[in-house]
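Here the structure is laid out as structure tokens; the discussion comes afterwards.
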Amino acid sequence: MTRRVLILCLTVASIVFSTSQGFGQQKSKAADDHLRTNPKLVVGIIVDQMRYDYITRFYHRFGDDGFKRLVDKGFNCKNNHYNYAPTTTGPGHTSVYTGTTPATHGVIANDWYDKTTGEDVYCAGDDRYESVGTDSDAGKMSPHRNTVTTITDQLRLATQMRGKTISVAMKDRGAVMPGGHTANAAYWFQGKNEGKFITSSYYMSKLPKWVDDFNVSAASKYKKPWTTLKPIDSYLESGSDKNNYEGLFDGENTSEFPHDLPKLWDANGQFDMIKATPFGNSLTADFAIAALDGEKLGADDIPDFLAVSFSSTDYVGHKYGVNSKEVQDVYMRLDEDLARLFKALDKKVGQGEYTVFLTADHAGMDNAAYLKDSKIPAGNVKWNDNKPKFDEFLKYTFGTTDVVKVFSNYQFFLDQEVVKNLDMSAKEVQEAIANEVLTYDGVEHVYTAYQMWQNEYTHGIPHLIQNGYHQKRSGDVIVVLKPDYVSYGSTGSTHGSPYSYDTHTPLLFYGMGIQKGSTVARTEIPDIAATIAALLGIEFPSGETGNPIIEVLEPSHK
């Protein structure tokens, strides 16, 4: 080999080596940059019973740093829906964080009849564990009835359990379900004469010092009259304060403002009363802000997760109804609580260093009596009024009323041993009951377990019912009431149906990795966990049935 050839070979080799080395460095740097651009903290916010139209209805009453910050500087999914029924709190919180529906995660209601034990069970209840922070049984909770992982679980797994998950709410199920199976802690509020946040031995043996310190006096400051945040005459986005559609606190003779908490305190469960006022949300925000320092959330480059559920909006909605002055006031005050939380995040984690999503666990319908008085088809169904007729049908058709064990959550659970001894198949028994119940006032649809097993529904009400139907846990005959008909009291609002007034909820994203914009394309609740997983670059929850909402994410996070 000549000297010239040797030099040429060495030169080419050097170029190839340096180029490949530089490429490797670029790849490594790109990977490092991606890791560094993950948010330090993900904040998931669920507002219990929030309808989407509360954003548009109260928008011009909000300040710049609460809801408006999310809408104007984040991404607004305007046509977001639950894709199953029943639309209630336990299933809602579980579905947001698992990215799937009750058919998969198994949390079919807040509580339900357990076909195995023959007893009613609570979605978060677990007697295997003890209360921490209270001598009551209020802490005997765990997420064990959720059968799949959550997005919070997946982040813990992806960070080798170094990333923290902290969950907080007034309601126990509003804290337990979002935290998933691997949460460092879930905290909820114990009212009565205690007024403090507690937890379960599932998470820890004793409360951290920062929680004990918080509990000393944090709740007491909210034992004060509930007056409107702004002059009530300016609340033009809600109905009259004087009407027959609203409930009362015990001891009140009118539902009108103001509500004197100190005077009504003992008659309404003492600190439990705070839950049904805007002050429950304020206390939740206080605790979430305290958790930022107490748990050192977002303090390093390993992503943490803070799950916050504002429960008081649900209590207020149930008592007063979606058109009440109280609901308007609770959302105007919540807007201020959100602003406080976001400013604390800016200061403690860093503006642009965290990601937020906000949604609801379900929405809610207008008061049925109000709708009826407004000439809209609606009504209250008194289910027990049908019992004599139904029992007569059972005796005539099957020779016994024992064929039905329980009616729970609009579902009939049959006694399978009795059914086996009839001269009819299980399918025929289910169909006979369905055909009978379909004739009752207020009933729109009746579905059978056989239909759920044998068909795959892709749209309409049957699709939502099937997504909410769990083969091992749900009943044998499922009843759906007519739109705007409820089996509920005559005052306030409720939820649980497959109709749009219960399924249409807000979905807002904001912060690191989120584009500014909006869409009117349909999105669904299971898409939330998939979107956050895509943002973080981690595995989807084990039961995930949703898809990432691509237009939400900045190109670097797609």
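Positions of Cβ are set from backbone N, Cα and C atoms, glycine also.
Substrate is bound by Lys171, Asp172, Arg173 in TrEMBL, and the record lists one more residue there from Asn110, Asn243, Asn244, Asn253, which is Asn110.
For Arg173 (substrate binding site), other Cβ atoms within 10 Å of its Cβ number 29. Apart from Asn110, Lys171, Asp172, Arg173, the substrate site neighbourhood in this chain, defined by C-beta within 8 angstroms of the site C-beta centre, holds Thr89, Gly90, His93, Tyr122, Cys123, Ala124, Ala169, Gly174, Val176, Met177, Trp188. Shown in sequence order, Asp48, Thr89, Trp188, Ser309, Ser311, Asp314 are the residues of the chain, 6+ apart in sequence, with a C-beta less than 8 angstroms from the C-beta of Lys171 (substrate binding site).
Largest Cα to Cα distance within the recorded substrate binders Asn110, Lys171, Asp172, Arg173: about 11 Å as a whole number.
Ranked by Cβ neighbours within 10 A across all protein chains shown, the recorded positions Thr89, Asn110 are led by Thr89. Shown in sequence order, Ala124, Ala138, Met141, Trp188 are the residues of the chain, 6+ apart in sequence, with a C-beta less than 8 angstroms from the C-beta of Asp172 (substrate binding site).
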